[in-house]
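K.L.:
This is the feature table in Swiss-Prot:
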BINDING   HIS58  O2 binding site
BINDING   HIS87  heme b binding site
DOMAIN    1-141  domain 'Globin'
MOD_RES   SER3  phosphoserine
MOD_RES   LYS7  N6-succinyllysine
MOD_RES   THR8  phosphothreonine
MOD_RES   LYS16  N6-acetyllysine
MOD_RES   TYR24  phosphotyrosine
MOD_RES   LYS40  N6-succinyllysine
MOD_RES   SER49  phosphoserine
MOD_RES   SER102  phosphoserine
MOD_RES   THR108  phosphothreonine
MOD_RES   SER124  phosphoserine
MOD_RES   THR134  phosphothreonine
MOD_RES   THR137  phosphothreonine
Amino acid sequence: VLSPADKTNVKTAWEKVGGHAGEYGAEALERMFLSFPTTKTYFPHFDLSHGSAQVKAHGKKVADALTTAVSHVDDMPSALSALSDLHAHKLRVDPVNFKLLSHCLLVTLACHHPADFTPAVHASLDKFLASVSTVLTSKYR
């Protein structure tokens, strides 16, 4: 459960991401594909090379979903319901992959905003991404 301090940390951190959200989303995906090659199996139709337009487009989708989650932090299940349905019923993404992408997002944010990535912010973002992952896997039944 996100505390009021966690919510403030997440919102403040995401505001600093600003217009770079899509870029960071793509970078995190690229980092995930390189670090955890098995994740590529969900994207057989993508050009996964560095700078790929498809990876950039999907990175923007990831970032947009996270922006929605930040904006609706008190009601993520409703805000992310359609995305949860998509991942559970159509895409059938193994839930462990959300943890892998979350880790890569944290690394990406830490690389771009090292001064702002304090232990408290790190912990808050980690809890937030875990909450998003829980929502996205909630319909896996």
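Each residue, glycine too, has its Cβ placed from N, Cα and C.
Quick one: how deep are these features, and who are their neighbours?
P.N.:
There are 17 other Cβ atoms within 10 Å of the Cβ belonging to HIS58 (O2 binding site). DSSP gives HIS58 (O2 binding site) a helix state.
Listed in sequence order, the residues of the same chain lying 6 or more apart from HIS87 (heme b binding site) and placing their CB within less than 8 Å of its CB are VAL93, LEU136, THR137.
The average pLDDT the prediction assigns to the domain 'Globin' (1-141) is 95.
In the three-state DSSP scheme, SER3 (phosphoserine) is classed as coil.
The number of other Cβ atoms within 10 Å of the Cβ belonging to LYS7 (N6-succinyllysine), over all protein chains shown, comes to 16.
According to its DSSP assignment, THR8 (phosphothreonine) is helical.
Proximity of LYS16 (N6-acetyllysine) to non-local residues of its own chain (separation of 6 or more, Cβ distance below 8 Å) is seen for HIS113, ASP116, given in sequence order.
All protein chains included, TYR24 (phosphotyrosine) registers 22 other Cβ atoms within 10 Å of its own Cβ.
Cβ neighbours of LYS40 (N6-succinyllysine) (same chain, under 8 Å, six or more residues apart in sequence): PHE33, LEU48.
Secondary structure from DSSP puts SER49 (phosphoserine) in coil.
SER102 (phosphoserine) has a Cβ environment of 19 other Cβ atoms inside 10 Å.
For THR108 (phosphothreonine), the Cβ neighbour count at a 10 Å cut-off comes to 23, with all displayed protein chains included.
Other C-beta atoms found within 10 angstroms of the C-beta of SER124 (phosphoserine) number 22, with every protein chain shown included.
Neighbour density for THR134 (phosphothreonine): within 10 A of its CB lie 14 other CB atoms from the protein chains shown. Annotation note: THR134 (phosphothreonine) sits in a helical segment as assigned by DSSP.
THR137 (phosphothreonine) counts 19 other C-beta atoms within 10 Å of its own C-beta, drawing on all protein chains shown.
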K.L.:
Does DSSP give THR108 (phosphothreonine) helix, strand or coil?
P.N.:
helix
K.L.:
Taking Cα-Cα distance, which of the recorded positions LYS7, TYR24, HIS58, SER102, THR108 are within 10 Å of THR134 (phosphothreonine)?
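P.N.:
Hits: none.
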K.L.:
Hey, what's the Cβ neighbour count for SER3 (phosphoserine) at 10 Å?
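P.N.:
The answer is 10.
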K.L.:
Could you measure between SER102 (phosphoserine) and THR108 (phosphothreonine) for me? Cα positions, answer in whole angstrom.
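P.N.:
One finds 10 Å between the Cα atoms of these residues.
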